[in-house]
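*Asks:* What follows is a single structure, and I will ask about it in a moment.
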Amino acid sequence: MPGPLPPTELYASERVVVLVSCVLSFLGSSLLVCTHALWPELRPRPRQLLLYLSLADLLSALSYFYGVLQDFDRTSWDCVLQGALSTFANTSSFFWTMAIALYLYITIVRGSPTGTGLLCCFYLVSWGVPLGITVAAVALKKIGYDASNVSVGWCWVNLDAEDRVLWMLLTGKVWEILAYVTLPVLYILIKKHINRAVSILLLSLSEYRPILSRAPAFQPRTSIADKKLILIPVIFIILRIWSTVRFILTLCNSPAVQNSVLVVLHGIGNTFQGGANCIMFVLCTRVVRTRLFSSICCCHDNELDWPLQRSNGHWQHPEPHKDKDVPGPERTKPLLSST
C-alpha cells in the first residue's frame, strides 16, 4: 500500500451535519427499543432480532458522536476506546442486518421451523465475532488515529499499522462488502417467493366471484410489503457505499478521498443507520405507527383533560347515559384494533 495521505481536514459545517445525523440515529434507535419494551404483543421474532440491531446502532451512534465531537488528531486512550466501541457496534450491526435477512429467508422461502438453536447461532455470531475481532485489534494495538481518510473524525484502524489494510477489512470492510452481495440476493428471493404465493392465491380465489371482489383490497398491502423488501437492501447500500468508496480511494492513494461531499456522505451513511431503521420499521409499519400515534394522542388528551377535571376544585364525573336503547357495558363487546 502507498504511503498514507495527509490528514483530512473536517470543517465545522461537516461536523455539524454528521453530529445531527448521530443524534437522529440515536433517537431512532431509542424509539425502536422503546416500542419493543412497551408493547409485548408487537414482538414477533423478526422484531426481536431488530431489537439487537437497534442496540448495536444505538452504541454506534453514541461512539461516532463522541469521535466527531472530539475530531481526534492523534492516538490517545479515549481515541482507542471510541474506536473499539464503534468497531464492535458497527460490525455487529452488519451481522444483525444479515441475520434478519437470513431469518426471513429461512422462514418464508424455505418454510423451515426456527427454534432456539438458530437464535443462539445468531447471538453467538452477531455479538461474538465482532467482540473477538475488536478485542484482538485492541490487544495488538491496531485501533487508533486514522487521519479521517477512512473515517470522519472518529478513530478506527491505526494509520501507523503496517498491516492496516488487513485490519480495515477484518474490522468492517469485508463484512460490509459481504452485506452488499448477501442482502439483495436474499431479499430478491423472498420477494419472488411472496409474489409467487400471492399469484397462486389470487388464481385459486378467481373461481369464487364473491371472494374475487375483495382481491383488489389485498393487492395494495402486498405491493407495500414488496416495496419495503426492496427498500431494505437499497437503503443499506445507499448509506454504506460512501465509506467503501473512500476506503478504495485511500487504497489508491487518491486525493479525492478528501472531497467534502464524499466526507459528508460517508459521515451520514455510517451514522444514520438507526434513523433509517426507525423510518422503515416504525413510521412505515402500520401497526406500530398506529399504536405509537394513539399513545401520543392519548397522552395529549389526558394533559388537556386535567385542568378541566380540576376546574371547580373537585372531580367532574360524567353523567351516565340512560338511554334504554343503548346496551349496557355487560352487553357490549370490546372493539379490537385493526392490525
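Quick reminder: no glycine exception, Cβ is built from N, Cα and C everywhere.
As the structure is a computational prediction, the values presented were derived from the model and not from experiment.
Sequence annotations record features per position, and here TrEMBL assigns compositional bias 'Basic and acidic residues' to 316-333. Among the features that TrEMBL reports, domain 'G-protein coupled receptors family 2 profile 2' is placed at 14-170. If you look up TrEMBL, you'll see 315-339 marked as region 'Disordered'. The annotation transmembrane segment is assigned in TrEMBL to 16-37, 49-67, 87-106, 118-140, 166-190, 229-249, 261-284.
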*Asks:* Within the same chain, where does the transmembrane segment (229-249) have neighbours whose Cβ lies under 8 angstroms from its own Cβ atoms, ignoring anything closer than 6 residues to its ends? I mean 6 or more beyond.
*Replies:* 97, 101, 149-150, 168, 173, 176-177, 179-180, 183-184, 187, 190-191, 194, 256-257, 262-263, 265-266, 268-270, 272-273, 276, 280
*Asks:* Give, as a single whole number between 0 and 100, the mean pLDDT over the domain 'G-protein coupled receptors family 2 profile 2' (14-170).
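*Replies:* Averaged over the domain 'G-protein coupled receptors family 2 profile 2' (14-170), the predicted model reaches a pLDDT of 89.
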